Structure formats: C-alpha cells, structure tokens
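K.L.:
Questions regarding the structure given below will be posed in turn.
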C-alpha cells in the first residue's frame, strides 16, 4: 500500500518498519553502534560496516562487465562504468563543459568563481584545489618523492617527472606555430615564444 506509519520526529522521513526507523535515528544521534574489529572505525549502519570490511579483506565483489576491474562498493562500480559509456550527466552552466562526476564539476566551477579556499601556511599563496596545495608545499619542504627510473633525478610532483621523461623518450609534443621548433615541455615553448 506504500503506507509509512513510522515517522522520524527529527526530519519527518517515513518508514514502513519500526526497525528501519531505529536504524535511521543513528543519523541524528551520531551513534555508531557497528565497529570494525580490524581498525575500530564506527558506523551508523550494519551495511556500511559490511562494505567497509572489504578494505581489509581485499574482496572486490563488484566486477566491471566491460574490463573486469573489481570494486569494493557498488557505487564505485557505477561511477567507473561512466568511463565505458561516456556518460557525462553533469554540465557547467557557465561554459557548457560536461563531466562524468559531480565532484569534477564542482572542482571545475572554481575556474569561473575564482574561488581558492586552500592557502599555503608558509607563503600565503592560494589554490583552488587541495592537491595543488599539497604539490606546492613540497617546494617548502624540499620533498621530491617522484624519481626518474632512467637517470635517478628526483621531482616534487608527478607532472614534472612526466615532463622530464619526455626528454629521455625524445618526445617533443609542444610545437611553435611561428617557426616549427618543438619542445619537451610547455614551459620551454612559452619561453621560446618570447623571441618572436
């Protein structure tokens, strides 16, 4: 009949069974009665604990039918499937660019808003994305965790390493439209363009 006689007094959501209401109430109380025996992390719902346990067991019960890659959670599989379908349901209202995932759209929107909520505690420079701040911080710590397997040179970030690897491979993907000279890195092309 679709009747939901058990109503949450906090938010008004209705449930068909009393036990479902009791389970729902943990959202409001903050109670986490289901604990992981491996790491102690608490969960409001039993199903969330069951899903979490696959991290420790290494079990990946949700395989992709296209490429065979396994996932611990169904939601991750659903998200992954967009790679194969090409589905991009999230559209930027400013420029029309489409995204497969909502978090990618939200990150992109910062280009239009100019929002840079992540600031460096060392020099005060602001960044739109946390991963850019993390990468930037390596300048101050002088940390260079990315190593070239060809020559052993170390780099602060993956982008710099990948740019460097083009030198070993002889790749020069950045070409000057004025004279045809090619460069391994875009920064070299930008410097070169100043002579024209």
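Note that Cβ sites are derived from N, Cα and C of the backbone, with glycine treated the same way.
Below, the features straight out of Swiss-Prot:
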ZN_FING   6-28  zinc finger
ZN_FING   34-56  zinc finger
ZN_FING   62-84  zinc finger
ZN_FING   90-112  zinc finger
ZN_FING   118-140  zinc finger
ZN_FING   146-168  zinc finger
ZN_FING   174-196  zinc finger
K.L.:
Which residue counts does DSSP give the zinc finger (146-168) for helix, strand and coil?
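P.N.:
Breakdown, helix to coil: 11 helix, 4 strand, 8 coil.
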K.L.:
With the zinc finger (62-84) as the reference, which stretch in 6-28, 90-112, 118-140, 146-168 has the largest tally of C-beta pairs below 8 Å?
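P.N.:
Most Cβ pairs under 8 Å with the zinc finger (62-84) come from 90-112.
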K.L.:
At a threshold of under 8 Å on Cβ distances, which of 6-28, 118-140, 146-168 pairs most often with the zinc finger (90-112)?
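P.N.:
When the Cβ pairs under 8 Å are tallied, 118-140 comes out ahead.
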